[in-house]
Amino acid sequence: MSHNDGCQSPPLPITFPLHGTRLIEASAGTGKTFTLAALYLRLVLGHGDDRAFHRPLLPPDILVVTFTEAATEELRERIRDRLADAARTFADPDATASDPVLSQLLADYAEPQARKQCAQRLDAAAQWMDEAAIYTIHGFCNRMLKQHAFDSGSLFSLELQEDASDDQLQAARDYWRNIINRFPVSAANQLQSEGLGNPDALLKQARPLLGLKEADPANLPDSVKEWLTQTDPQAELDRLARQQLAEALPDFLHWVRDAQENKWLNGNSYRAKSVPGMLKLLKRYAKGEGLRDKDYAVLFKFSEDGLKLTKAGQDHRPDFLFCKTLDRVLMGRENTRLPRTDLLAHVAAWIDRRVDQVRRQTATLGFDDMLTRLRDALEGSNGERLAAVIREQFPVALIDEFQDTDPVQYGIFSALYGNQPEIGWFMIGDPKQAIYAFRGADVFTYLKARTATEGNHYTLKKNFRSAHAMVSAVNELFTYSDQTFGDVFRMAKTGSPFPFDPVEAQGRKEQLEVDGQVKAGITLWVEDRDRAISAGQYRQQQADRCATEIAHLLNGAEKGDTGFRKDEQFRPLQPNDIAILVRDRTEAKAIRDALMERAVRSVYLSDQDSVFAQPEAIDLLLILHACANPESDSKVRSALASASLDIAYTELDAINQDEVRWERMVEQFHGYRHQWQQQGVLPMLRSLLMDFHVPVRLSQSLDGERALTNLLHLSELLQQMATQLDGEQALIRYLEETLEQQSNSSKESILRLESDDDRVKVITIHKSKGLEYPLVYLPFICSFRPADKSKPPLRFHDDDRLHVSLEPDAEDERKADEERLAEDMRLLYVALTRACHTCTLGIAPYVKGNGKTNQLEKSAIGRLLFGDGVENEKLTETLRPVISDSVSVIAPPQSNDLPYQPATRKLTLKPVQVPPRHQRQPWWIASYSALKQVQETLAPADPRSDQLAEQPDQDSMPEQEPLAGSIHAFPRGAAPGTLLHDVLEQAANQDFVATLASPAPFEQVVAEKLQARGWQDHAAVIEDWWKTALQTPLPLAADQVALSEMATYVAEMEFMLPANQVSVASLDQAIRDAIHPDLPRPRLEADTLNGMLKGFIDLVFEHRGKYYVLDYKSNWLGVDDTAYTTDAMTRAILDKRYEVQYVLYLLALHRLLKNRLGEDYNPNQHLGGAVYVFLRGMQGPAAGTVFDRPATELIERLDAMFGGEG
């Protein structure tokens, strides 16, 4: 007995029995989720008399299973809203309901007291929905394994491993060591020749069979054992043939030359241009080199049986022993052919078992393990007890999207709820939408469940999604095909287990109008041709036509000619009303390119939306290569030519032709490398994008917003990964590998833009399932991907069981293609039913390749409309019977390049509101530069960037030319200053004394640094400078010391200084009062520091029991040494507020010494002071040095202040 809601009143959700095992089939748009929520509501109320469950339930009692996390959240919210709305309705004594389900429930609970109790129960259930048992199948299985660990034999704590590839590869290596290494050498050689010569290759070939349990892992298949016994004799025979050939090779080659000259050889088998290659192969065989299968087919032509001679050559047949032996070799190879499928089935079963063993030992599991372990537990000795416990916990289960289940999932629920009439197991789905075979979903499992529930089938018959014309069009096409060509959803062997049943239109009242005419539900653009059209031509032609039509409709909407009318209201068509459904990225690119040519913005939505699959990822790789290797002109040129930088070709040519501009560009990339090394990849890439005006350039292009978002997203992902990698090259390798693998984790999914919502949607048919769009286009619907035995594996079902063929024959190909076509038909149904108002399809005599006759019968739309075939020029004639008010058959529109021209919308902009100052984060990390002018942005978190503040000090006097050949003539600015810092830092790292003692290696390093930046002309100056710098005595309080005399020091010492609500004003005043109180300096902006101050001190050294901080300053104060007087350097320090910097450094050193020395620490004895060295003035009167020892009272006062005491 079957039931439906087509004519019944009350509706199916009210009459549906809430016990037993039952199946609801819900065609597209018929309210599947509405029905599921209504059943949930009834279960909470305990509604239905003899149709009711035996007791009311609450959310934790009702198991709801669906197949994605997003679906679980949507269901949870939909059910919560339904319960809350029903609770409000029942609480209102005067309430009525337009919802037929709720209306019937109000009638069934008419008494005021009953309604009050219903309201209370529904409200409690709505508030309890956070605890509702709504899970994905994996989430459910994982919970059951953990919650019922004793009964399931599982561990309480299991770690999830999302990626099984590492475990599987290790298992393949174990198989190689334990099994393959025991094979005879001859067998191993044959595996090598078959492409199975290592564990990686073995795993790759066996992967399609993983999880299928096609073999006993404990025993090698008999066919493999038999093969192993034959490989040694065959190898010996092969060795003999090679030896005989090697001995006779000169004579045989001489015979071949004579045969060619005298035309003894058959010309078709031994073409003149092919013979040299054949002889080369013979020589390789004689040398003992390994050959492939197809190579032996060539050798056969020189065996006694395979040699083909002309009539004239019959009397000159060669008498070589190896020709006879070669016949035996080739016959033996045929008899000792590797049982490839049997071996790989054993490999797969063995790997499955090993991975399971390892995971049980390490308390880990993968996604598939969640299902298989629960299934195995339910099938085990304690299975019935476990099932009873779970049934007690969840007496009712509703399985959503049941057409997407697989045998393991069905086995779990069958063990739990099968043959249990006192509980409830309700499956809801639509076999016509079973389109996920590539994910493991198995429509044959659905058919098995359909058979098991015979007599308890229910059908939803009213479509609430689409307009009447659209529903009628789908009904008419599928009914026409059913009646004309037979069962449209027929399956191999089983015929048509789910025939197409028309549904009633109960949905939208609005209509789509184009130029005052109501649009048909389905429009077929049909092109008759004398000759079939190839795939590439079809794709381009349909893309142009579709884009032309869309631009035309949108332009019509701007004039008020195209839109949606309901009663007297009219809404113009918008780009986001339109969806174009495609099969893959190739089709998506074709239509998006065509749309872009017509100024129509679009967005591509697919299941593989990884940002690493976008073209900007390739561009970013080119840019990173250039930034990491600026010495390589080719890498820099590749980066400059990338689409993301969008530099005009004329500009690129000008840069290449102008040597000065090119050198500047190379130097610019050197700067990017330095910034990358000092600050990280994200700041570097942001600087590069701004330097090349990328945001401005991209904002002027049609899809620039998407490109810029992808660039910024990729930059952030690379910054995250950089924390786990060592150096620039490691990050580049990571990006290269990711581009090859194109993984698609959630964090790599491309970021959606607000503007995406306003664009034409280009979406894969698979991803569109469950969605709806007012207008749908299927421009490439005639394309198909046939099963091909030359591209194994092929998948098909034998006796309702999945079979994976690794060595398919023609029959396997036929079976696989039958199933492919059946799934394509379901995919077509999904695509057509996404449309609310109209769907347009591009029909043409399509052929894969260059044949004259079309292959439409191999496509789903061709099978639907034309059955087993149609002549190229008779498509339109054949379709005359389907023409109706709902189905239109017309010639395709002529394509043109007219662009979409949306009306310009003027926006009135208000003045931007600028806050008086930046609101700093309540807790933050920054360097001392945060204590300067704090205006619009936070100070950089990387204190090394403080070096960049060391710009040349400007003098009020006219600037003179510095003396050539002196350090004062060395370039000024951030980059030169950084180089001077780096030189001394590197000297410190390899020891000052050692550097002076053996200067040659260090001189080479410095020369390379200068060469990289184009400053090689200053090499002699810098060499003299650094040697002087290491030996110049630096004045201290009552002593002096040179860098080369320091015995104990630490270069680039990092510190983190906690700041607990420190008033910057108080800090500033304390330092002003203690250090040169009579000298002016800029004030620090009032602020409060709360968090951490982070810094790197250039040098911390110990001298005669005292500890000092030393900082290098590359500031340019004048044209010669006389500019670097103590007064001038002091003014520079105060002007730049370096005294704040060295006081903070001394505070950090003070805290370190106090922690290390404990009670023995005495700041007056141990804290030496600060040494500031102006690197360009070290030959001046003060040795370029300013020394200061702030009072201990200041240091201790600041210590208390930073501790929150003042």
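Glycine too: its Cβ is placed from the backbone N, Cα and C atoms.
Same-site candidate for Mg(2+) binding, as annotated by TrEMBL with H981, D1098, chosen from D1078, D1111, D1120: D1111. Sequence-distant contacts of A26 (ATP binding site), defined by Cβ-Cβ distance under 8 angstroms and a gap of at least six in the same chain, are K32, T35, I428, G429, D430, T459, L460. You'll find the Cα of A28 (ATP binding site) roughly 70 Å from the Cα of D1098 (Mg(2+) binding site). Taking only the Cα positions, the spacing between T30 (ATP binding site) and D1111 (active site, for nuclease activity) is 75 angstrom. Counting every protein chain shown, the number of other Cβ atoms lying within 10 Å of the Cβ of H981 (Mg(2+) binding site) is 20. Rounded to a whole value, the Cα-Cα separation of H981 (Mg(2+) binding site) and T33 (ATP binding site) is 67 Å. When other Cβ atoms within 10 Å of the Cβ of K32 (ATP binding site) are tallied across all protein chains shown, the result is 21. Nearest to D1098 (Mg(2+) binding site) in space, judged by Cα atoms and limited to the recorded positions S27, G29, G31, T33, D1111, is D1111. With respect to their backbone Cα atoms, T33 (ATP binding site) and D1111 (active site, for nuclease activity) stand 69 Å from each other. G29 (ATP binding site) is surrounded by 24 other CB atoms, counting those within 10 A of its CB over all protein chains shown. In this structure the alpha carbons, written CA, of G31 (ATP binding site) and D1111 (active site, for nuclease activity) are 73 Å apart. Around the Cβ of A28 (ATP binding site), the number of neighbouring Cβ atoms within 10 Å comes to 22. Just so you know, of the recorded positions D1098, D1111, the Cβ with the fewest other Cβ atoms around it within 10 Å is the one at D1111. Over the domain 'UvrD-like helicase C-terminal' (503-770), the average per-residue pLDDT in this prediction is 89.
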